[in-house]
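**Q** Okay, here's the structure, questions in a sec.
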Amino acid sequence: MERLKQKLHPSNTQRNTPQFDLSYSKWRNQKLLRCAKVGDYEDEEEQPPLLQTSNHNLTGTVWTAVAHIITAVIGSGVLSLAWSMAQVGWIAGPLSVLIFGFFTLVSAYFICDIHLYFNPKTGNTTMNQSYLQAVHTILGYKHGVACGCLLYFSIFKTGVVYTITSATSMRAILQSNCYHKQGHDAACEFEDRHYMLMFGMVQILASQIPNIFHTKWLSIIAAIMSFTYSFIGMGLGLAQVIAKGKIEGSIYGISTTKPTQKVWLVAQAIGDIAFAFNFALILLEIQSTLKSPPSQKVTMKRASAIAIVTSTFFYLFCGGFGYAAFGDSTPGNLLTGFGFYEPYWLVDFGNACIVLHLVGGYQVYCQTMFVIVERWYAEKYPDSEFGKDTRSVKVSLLPEFKLNPLRLCFRTAYVVLTMAVGMLFPYFNEVLAFAGSIIFWPVTIYFPVQMHFVQKKVVPWSGKWILLGVYTIFCLLVTIFSLVGSIEGLIAKRFG
């Protein structure tokens with residue numbers, strides 16, 4: 001114990017991070033059977049990283065971190081931003097994207113700072129390997145329980161959203177070919193549920209990948225795919241604007257017959273934008289994969305800045321070109337709502353890229369949930385054969401991995417459950433808005449700000465304390481507004 005503390009905190013200050021011995025193979029060998037349990041952090045500094053279940057040295061760089069973040073951030077939600085801009089208009093639309101991008105960057109910097117936390121009461125330095133552990137360690141048990149509930153919900157709703165979106169994209173490929181052959185007025189309708197089942201079958205196989213260290217190649221492929229379909233959406237929008245010779249849209253956004261309808265649509269649009277920037281929950285897991293020097297904090301801040309600036313650029317251009325092309329007729333999704341019919345092969349390719357990206361994005365998020373449950377089981381039943389690796393499996397080009405009954409049963413059931421909820425509420429924009437609004441404030445704003453107060457010992461009623469307090473309250477009001485609008489939209493779609 002003392003040797004480990006000396007490695008983590010050699011001189012009672014967290015500034016000596018380059019001297020830390022952070023070999024995960026040594027860490028794993030020392031604590032092979034010790035598992036993280038929500039609400040039980042007696043020796044936080046001894047806990048292995050959340051997504052670590054095998055021996056690995058730290059090999060992550062700023063670019064692998066950027067790949068992980070872009071995989072998580074630039075989802076298919078980028079293609080809904082044209083619809084969001086159409087609801088709020090040319091001024092509020094781009095401004096909202098910039099504001100949410102700034103909020104996300106501020107939170108990312110706060111979270112990077114808490115990877116290492118020095119507790120003045122105990123004199124120990126805790127290495128927070130996950131967002132949940134950081135909240136529990138710094139803010140206490142009650143905040144940890146609340147964060148745990150939000151964490152599970154956030155990961156699960158992301159799986160549901162990705163299932164809905166992938167099915168919509170697969171259906172759009174068939175529709176695109178149908179419209180090309182039979183004309184744009186043909187009745188080319190296909191059922192979403194079959195494609196949700198297909199996506200689920202792929203995820204059942206992919207979910208057997210043990211942890212995030214084995215998904216680096218998947219994240220890189222997914223990041224490439226996200227850039228590809230984003231460029232396709234931007235290019236098609238720009239081509240449409242050039243062909244028309246004018247820019248569609250207005251300062252105030254689309255007009256509606258009822259003022260209340262406009263209010264609800266604006267609220268949903270804000271929720272869509274908030275969802276597009278949500279990656280705070282996985283930031284510390286990504287930071288834990290980085291090698292040093294330079295320090296993990298410095299590398300992660302640089303990666304976060306690169307990824308968020310890049311994401312904001314894509315969001316502005318993809319949303320702006322889409323709105324400029326279609327104005328009040330902007331579809332909910334540029335590639336699946338059939339704002340574009342030709343060239344049909346390019347629309348097909350863009351939708352295929354979305355599906356490939358979501359396969360990787362689903363795993364980047366859900367690996368967190370998988371490992372939390374499997375760790376809990378390993379601690380609860382340390383002698384159970386049900387949770388132990390039984391045999392090695394090698395599938396095609398995939399890396400070899402070990403299979404165990406718990407992983408097979410739980411992860412399969414989890415994927416099936418996300419499919420079931422997706423089939424029950426297959427509404428793209430409304431689900432995006434609900435998912436973004438319910439998570440954004442507590443995860444991206446409140447917890448990071450409160451942890452920053454504790455970490456930096458911010459004095460109450462100081463200038464910084466007041467400024468961040470106003471910032472937190474403003475974001476809360478925006479989130480409540482968006483949440484109410486998204487709930488109204490879901491109810492109207494499901495039962496209206």
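Here the Cβ of each residue, glycine as well, is placed from N, Cα and C on the backbone.
Keep in mind that TrEMBL annotations are predicted by a computer and have not been checked by a curator.
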**Q** Checking feature assignment: transmembrane segment per TrEMBL, candidates 217-243, 406-432. Which range matches?
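**A** Checking TrEMBL against the ranges 217-243, 406-432, the transmembrane segment one is 217-243.
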**Q** Cβ under 8 Å to the transmembrane segment (263-284), counting only same-chain residues 6 or more beyond its ends: which ones?
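**A** For the transmembrane segment (263-284), the sequence-distant neighbours (Cβ-Cβ under 8 Å, at least 6 residues beyond its ends) are 50, 68-69, 72-73, 75, 77-78, 80-81, 83-88, 93, 96-97, 100-101, 103-104, 107-108, 111-112, 114-115, 128-131, 133-134, 151, 154-155, 161, 253-254, 256, 300, 304, 308, 311, 315, 364-365, 368, 429-430, 432-437, 439-440, 443-444, 448, 478-479, 481-486, 488-489.
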**Q** Which sequence positions outside the transmembrane segment (434-453), separated from its termini by at least 6 residues, show Cβ-Cβ distances below 8 Å to it?
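**A** The answer is 103-104, 106-107, 110-111, 113-114, 131, 134-135, 138-139, 143, 146-147, 150-151, 153-154, 157-158, 160-161, 267, 270-278, 280-281, 465, 468, 471-472, 475-476, 478-479, 482-483, 485-487, 489-490.
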**Q** Based on Cβ pairs under 8 Å, which of the stretches 89-112, 217-243, 305-324, 465-487 lies most in contact with the transmembrane segment (344-365)?
**A** 217-243
